[in-house]
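Chemist: Could you have a look at this structure, given as structure tokens, before my questions?
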Amino acid sequence: MPRQVLVIGAGVTGLSCAIRLQEAGCIVTILAKDFPAPFPTIDPLAQINYTSPWGGAHNRWVVPSPSGENAREHAFALATFSRMRALAESEPSVGITFMKGIEYLEAPPAEYTSLTPHRAAELQLPGFRLLGKEEFPDDKITWGCEYDTWSLNPMVYCSFLLGRFTFRGGQIRKRELKDIKEVFALPLGELGFEAGRIDAVVNASGYGFGGDPNMFITKGQTCLVANECDVTVTRQNADGSWNFSVPRGFNGGTIIGGTKDVDDWNTKPSIEIREKLLAGFRATYPKILGEAGEYRVLADIVGRRPTRKGGPRIEGEVVSGGGFVMHAYGLGGRGYELSWGVAEEVVKGVDGHLKGHPKGRVASETVAKCHL
Ligand SMILES: Cc1cc2nc3c(=O)[nH]c(=O)nc-3n(C[C@H](O)[C@H](O)[C@H](O)COP(=O)(O)OP(=O)(O)OC[C@H]3O[C@@H](n4cnc5c(N)ncnc54)[C@H](O)[C@@H]3O)c2cc1C
Ligand SMILES: *[C@@H]1O[C@H](CO)[C@@H](O)[C@H](O)[C@H]1NC(C)=O
Ligand SMILES: *[C@@H]1O[C@H](CO)[C@@H](O)[C@H](O)[C@H]1NC(C)=O
Ligand SMILES: *[C@@H]1O[C@H](CO)[C@@H](O)[C@H](O)[C@H]1NC(C)=O
């Protein structure tokens, strides 16, 4: 009998895991409080904890340090990149656009200054090129590069994933839980399963449940403008602040960002910050204004990145009562760019657990190959 897996969460993490589990032959139901919907219908206050609509979302290659920090995440980003490429090529309306990414740094740390074309090739960074001084926007920038990357329209993309999931027979339940363990007590029929038992629960709840003391939020304020942008630009300033653009495509405009405020639960966007972001980005990339010569502001955005000290938690746990929970949360500011790598790890974890490996962490050679 096929395995029955319940995924909690319908952000980019839960949706990607659910599709990947279906591909591995599981019967999957997604239970969540929030589901993807057209972006203008998402409520900025009532749904502020649902991070996926508020994200950029682009892929910015984060260079692993020589000591191996970020190496696991880099492997996830590479896996995600190839699947995004295949999706963009086969599904024109998926919401993904491939483009150049540009990085400008005022005070580059060692992993950037040692990023030669040779090192970039080792890291499999596609289309990598170091920029010359004459290509920098001003003389505060001391290092720059460009590469091939993707950017997407979050609610177009997540709605596509949800559509694919249900088209393949996946069931959804729109519910709010107080505690994950509740699901083991629910009647199976209510969750869309036949008989038997729930073989695994995937915890892709973002910042939905308390319990993990390592979780915190990183507030981000960005501004959505109607101006189109042909590249995704990231500037890292010496004072630790950032200026970036994330084109959404598909009539989604462009995100101009952005702040990273740890433990800041304020829900209200600041007009002063908006003006700084817009001015800061215009100075870095004047082409953003286009023929109109000015910004057309659509909305101020506040989102909460579900961040975790020690990095994302992607591991299995047998909870009290005996149920198996495969965790997939704490993706911080990288949920989209790591999504398919995380989903692959979740399939391996579930498969490993059901084959009797402790904590479900052992990879299995029998995990079904990924089909698009
Ligand atoms: C300003 C900003 C810019 C960003 N830019 C980028 C970017 O460029 N690239 C990138 O990769 N990432 C970016 N991110 C990060 C990215 O948006 C997140 O990492 C990602 O959306 C997290 O997805 P998730 O599925 O893990 O969580 P969420 O999207 O928060 O989903 C959680 C799910 O769990 C459900 N849930 C939670 N609690 C309960 C409960 N009690 N009962 C039932 N259901 C529950 C929710 O309803 C929801 O369906 C950005 C984030 C912000 C805020
Ligand atoms: C968001 O999450 C926090 C922390 O769990 C909670 O206090 C708050 O009520 C939530 N907000 C909404 C609108 O659900
Ligand atoms: C599930 O995820 C949340 C983060 O949303 C975490 O705090 C919690 O410890 C996880 N596990 C359980 C069993 O709830
Ligand atoms: C970048 O944005 C910050 C706000 O986060 C702003 O204070 C600063 O002026 C901007 N700087 C540049 C040069 O882009």
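Backbone N, Cα and C define each Cβ position, glycine as well.
Below are the features listed in TrEMBL for this protein:
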type	residues	note
DOMAIN	5-347	domain 'FAD dependent oxidoreductase'
BINDING	THR51, SER52	FAD binding site
BINDING	ARG305, GLY333	D-dopa binding site
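Relative to the rest of the structure, where do these features sit?
Modeler: Taken as a whole, the domain 'FAD dependent oxidoreductase' (5-347) shows an average pLDDT of 96 in this prediction.
For THR51 (FAD binding site), other Cβ atoms within 10 Å of its Cβ number 25. Secondary structure at THR51 (FAD binding site), as computed by DSSP, is coil.
ARG305 (D-dopa binding site) falls within a strand segment according to DSSP.
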Chemist: When the number of other CB atoms within 10 A of each residue's CB is tallied over all shown chains, which of the binding-site residues SER52, ARG305, GLY333 has the maximum?
Modeler: SER52
